[in-house]
């Protein structure tokens with residue numbers, strides 16, 4: 001495999017733009033042979049209501065080696081975190097770089113080389129000599145500029161920096177936004193947060209900080225929980241010097257997984273939210289490697305089910321069979337194994353190494369915070385107090401409060417651009 005190979009992770013829920021996203025990203029790559037796409041297609045497999053999603057046969061066009069597919073009936077979809085976990089577990093085959101995007105994107109020409117070059121420009125201090133070295137744990141991430149259907153791409157390429165915008169009233173999870181940078185950047189600038197719709201890094205991130213398949217039906221909370229997990233595992237966030245990818249912010253043309261909203265689904269979503277509350281109300285200095293021993297059987301069972309499911313997908317893709325539903329029952333059954341300690345999830349109860357709570361929810365080590373840095377470290381770094389739900393000026397301006405007047409585009413110009421294409 002080429003040393004510059006890129007694995008592109010895409011999840012699509014009944015999205016007619018996915019096919020054109022795949023076509024665009026391959027056509028505009030400089031080295032098309034280095035691009036390998038793993039896509040989870042969630043659509044109606046029982047009728048032709050989603051035929052619009054398959055006007056372009058990308059699997060036939062590019063081959064099954066370059067396009068790896070999980071097919072799932074849309075009624076079995078369990079939200080973005082679950083789908084992204086399936087793609088990581090079943091379709092990744094050791095490519096060097098990892099690009100995670102949404103199913104409605106457009107790219108600049110030679111985007112593959114641009115992203116690799118910018119990733120290699122990310123530098124961090126060298127503790128040995130006081131100089132700077134390439135950051136091997138760098139992640140390029142931001143909310144991309146928007147595009148309009150069918151292919152209206154803006155001519156400007158302004159960088160976008162992630163900022164904290166507030167806490168959700170219903171769930172209490174941090175919301176993120178994007179501010180347009182007017183300052184000319186020579187190299188990628190440090191960022192405080194991570195987002196799921198554009199993330200480019202070395203592929204070791206898949207094994208180091210994998211998606212948690214137990215966060216079923218979760219939407220808000222995905223990005224800030226991954227931000228905290230990645231940061232505490234030693235990863236650093238950067239915004240590219242210019243726009244490399246575009247996102248369709250208008251959702252009117254497509255369905256979302258929220259169309260399936262039974263009482264059972266609502267309960268599973270609430271359990272996912274509780275998992276994140278546990279994550280943000282623990283002291284990760286008390287997370288130890290022994291937790292993994294308690295979870296080996298659960299994780300092995302989960303992996304075996306995923307492997308079996310992947311084999312089924314490979315054998316049945318052409319028949320459009322639903323090959324992913326068995327994984328969800330495996331994940332749910334594993335979540336029920338707990339030691340019933342009924343520990344409090346508050347920050348003060350720091351003896352809870354297994355991270356159980358009154359609901360029997362347990363966060364396995366590989367889906368937990370890291371040990372390289374603490375959650376308090378991340379709170380100080382990003383300017384967000386997760387316990388008291390406050391944001392200081394550092395968080396509101398993405399770490400560039402002191403130079404905000406010269407770093408960011410003025411609010412009127414930013415409003416005009418956002419109203420035209422969105423961010």
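Cβ atoms here come from the backbone N, Cα and C positions, even for glycine.
According to Swiss-Prot, the feature Mg(2+) binding site maps to 102, 104, an assignment based on a curator's inference. Counting only same-chain residues at least 6 apart in sequence, those with a Cβ under 8 Å from the Cβ of residue 102 (Mg(2+) binding site) are 10, 11, 21, 196, 197, 247. In the three-state DSSP classification, residue 102 (Mg(2+) binding site) falls within coil.
Residues or ranges marked as compositional bias 'Low complexity' in Swiss-Prot: 286-358.
Sequence annotations record features per position, and here Swiss-Prot assigns region 'Disordered' to 286-359.
For residue 104 (Mg(2+) binding site), the count of additional Cβ atoms within 10 Å of its Cβ stands at 24 [all protein chains shown].
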